[in-house]
């Protein structure tokens with residue numbers, strides 16, 4: 001019974017540190033798989049990085065200057081992070097759904113385009129388009145997009161709890 005993790009005892013700052021750490025770990029993992037393991041990302045994979053690219057520097061600055069932040073600023077920060085990671089969850093879930101064939105992906109990377117002309121083919125110059133509708137690998141049945149859906153949802157839940165705690169401190 002006492003082995004489960006209890007996030008209720010963590011402070012808003014501790015939750016923010018955990019959210020920041022998971023965000024950094026996620027991006028480092030992405031870079032590892034891309035540059036070390038040579039898994040090439042598709043257009044939707046790149047788009048899924050944007051929430052992290054926005055959140056990480058903001059969180060880093062906030063943690064550096066935490067002592068100077070007012071309660072309202074902290075609440076605004078963790079609420080914004082909640083929204084950013086809900087956006088990230090949506091993006092990753094959309095991509096996972098494209099991979100599973102639940103809905104079509106963008107024409108630019110899922111093979112659902114209107115066709116291609118010979119002129120367009122002659123301009124390809126050897127570049128490789130990575131399809132968005134096929135997972136390059138699955139671990140325990142989950143693609144990278146599926147894993148990011150779960151990770152983003154966990155980070156969003158952490159910031160939801162931080163937002164709740166922060167609002168309670170103001171009230």
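Quick reminder: no glycine exception, Cβ is built from N, Cα and C everywhere.
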- Message: For the annotation transmembrane segment in TrEMBL, which listed range does it cover: 52-69, 106-123?
- Response: 52-69
- Query: the transmembrane segment (52-69): which same-chain residues, six or more beyond its ends, come within Cβ distance under 8 Å?
  - Reply: 13, 16-17, 19-20, 23-24, 26-27, 77, 80-81, 84-85, 88
